[in-house]
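Asker: Pasting a structure below so you can have a look.
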Amino acid sequence: MRVMDKLVIKGGNTLHGKVDINGAKNAAVAIIPSAIMASEGICTIDNISDIEDVNCLERIIKSLGCDVSCSSDAIIIDSTKLNSYNANTEDVRKMRASYYLIGALLGRFKKARVELPGGCPIGARPIDQHIKGFEALGAEVTIDHGVIYVEADRLIGTNIFFDVVSVGATINVMLAATLAEGTTVLENVAKEPHIVDVANFLNSMGADIKGAGTDIIRISGVKKLTGCSYSVIPDQIEAGTYMIATAACGGEVIVNNVIPKHLESISAKLIEMGAEVEENGDSVLVRCKGNLKGVNVKTLPYPGFPTDVQQPMSSLLCISQGDSIVNESIWENRFKHVDELSKMGANIKAKGRTAYIKGVEKLQGSVVKATDLRAGAALVIAGLVAEGVTEILDIEHIDRGYPHIEDKFKKLGADIKRVTI
């Protein structure tokens, strides 16, 4: 029988102290599949978070023939014995980022067979732009009974203009193009920090990628990739979550091991609401002493406000003064936290891609469910500020992206514990 945990939170404490941010989940789950493209040498990747998505990928690449070992915050991958292009385990179906195996295996073997992935249920998350890119490089793509088959005699560099800005497609096609013949030019690409991180990792293995983080990425194909040592960037989303939690609870917290530039859109909103945010090297201090005012938020591709922080921000807006409007422009079904927040007394209603919020003075503790990763983070923040006790169920979603969340908040003064059901 599977062991299930829940989080039990007694709200009302202010937060004080320091919190260290781990390596970026969104970077790690793309870099680990990228590592299997190395036909020589060993990849040592550090600043890796102890989260379920990383553990899941470790099991997947082992099933493909890689030798994998882990230390406290590093993963060592020897993919020289990679012997399968067929990724069809239960773990593949469990997580969205397993689709990066398609681009990686296509680059390495010129073929891939991958179960269509899962992850958080936040609406239709099509891979049509991935397929467009693979086909443009010369691959034939078929989907049958939940399995995607991709195969090419040769991958030939070309110009690809994505119809929509897609983080996943940008990375996946970049992976395949790295080992293609000739030059590939990707336009209308996503610019998120973890895309730059993946490109830097590939370049460390011997790739020739220029322009990641700009409007156009140029990839000159190489014949092989070689293992390297690399450190993953800090997690922008984890950092933003702790910043928002501090603003919600009040107090003063230094968020360490961050790249402040990656947090500018979050910092700007918190300052607009009345919180204080100070940058200092690789840390950000958040201070909040009084009531915050509601603001309007629209999620946008980087450098805009991150969709992954929309749900935690919604919890903060629920206890801010006045009205707020949250427009989710990236995903069409990312408001599953709304019903759970309503159980806690929030005045929040969702219609289409927009949530309308009227701030209330207090939230009340309740029993709620984490329907997805970032909704779970939103409920933790709501529980931290609510009167009474909040129990959060289905926290396996939270464990996919937030390492030791209860320990980190406890060190900041929160009354939070993990309980086995």
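The count begins at 1 with the first shown residue.
From the backbone N, Cα and C atoms, a Cβ is placed for every residue, glycine too.
Look at Swiss-Prot and you will find C120 tagged as active site, proton donor. Annotation source Swiss-Prot lists phosphoenolpyruvate binding site at K25, N26, citing sequence analysis. According to Swiss-Prot, the feature UDP-N-acetyl-alpha-D-glucosamine binding site maps to R96, R125, P126, I127, D128, Q129, D308, I330, an assignment based on sequence analysis. As annotated by Swiss-Prot, 2-(S-cysteinyl)pyruvic acid O-phosphothioketal applies to C120, with the evidence given as sequence analysis.
Can you walk me through where each of these features ends up in the structure?
Answerer: Shown in sequence order, S49, I51, D53, V54, D235, I237, E238, R400, G401 are the residues of the chain, 6+ apart in sequence, with a C-beta less than 8 angstroms from the C-beta of K25 (phosphoenolpyruvate binding site). The secondary structure of K25 (phosphoenolpyruvate binding site), as reduced to three states from DSSP, is helical.
For the recorded site, R96 (UDP-N-acetyl-alpha-D-glucosamine binding site), the DSSP three-state label reads helix.
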Asker: Given P126 (UDP-N-acetyl-alpha-D-glucosamine binding site) and N26 (phosphoenolpyruvate binding site), what distance in Å do their CA atoms have, once rounded to a whole number?
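Answerer: One finds 18 Å between the Cα atoms of these residues.
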Asker: Please give me the CB contact count at 10 A for D128 (UDP-N-acetyl-alpha-D-glucosamine binding site), counting all chains in the structure.
Answerer: 12
Asker: Relative to the Cβ position of I127 (UDP-N-acetyl-alpha-D-glucosamine binding site), how many further Cβ atoms are located within 10 Å?
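Answerer: Around I127 (UDP-N-acetyl-alpha-D-glucosamine binding site), other Cβ atoms within 10 Å: 21.
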Asker: List, in sequence order, the same-chain residues at least six positions removed whose CB sits under 8 Å from that of D308 (UDP-N-acetyl-alpha-D-glucosamine binding site)?
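Answerer: Within the chain, D308 (UDP-N-acetyl-alpha-D-glucosamine binding site) has Cβ neighbours under 8 Å at N26, I237, G240, R374.
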Asker: For P126 (UDP-N-acetyl-alpha-D-glucosamine binding site), just give me the three-state DSSP call.
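Answerer: Assignment for P126 (UDP-N-acetyl-alpha-D-glucosamine binding site) reads coil.
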Asker: Among all the protein chains here, how many other CB atoms are within 10 A of the CB of P126 (UDP-N-acetyl-alpha-D-glucosamine binding site)?
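Answerer: A 10 Å sphere around the Cβ of P126 (UDP-N-acetyl-alpha-D-glucosamine binding site) contains 12 other Cβ atoms.
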Asker: Looking only at Cβ atoms, how many others are within 10 Å of the one on Q129 (UDP-N-acetyl-alpha-D-glucosamine binding site)?
Answerer: 20
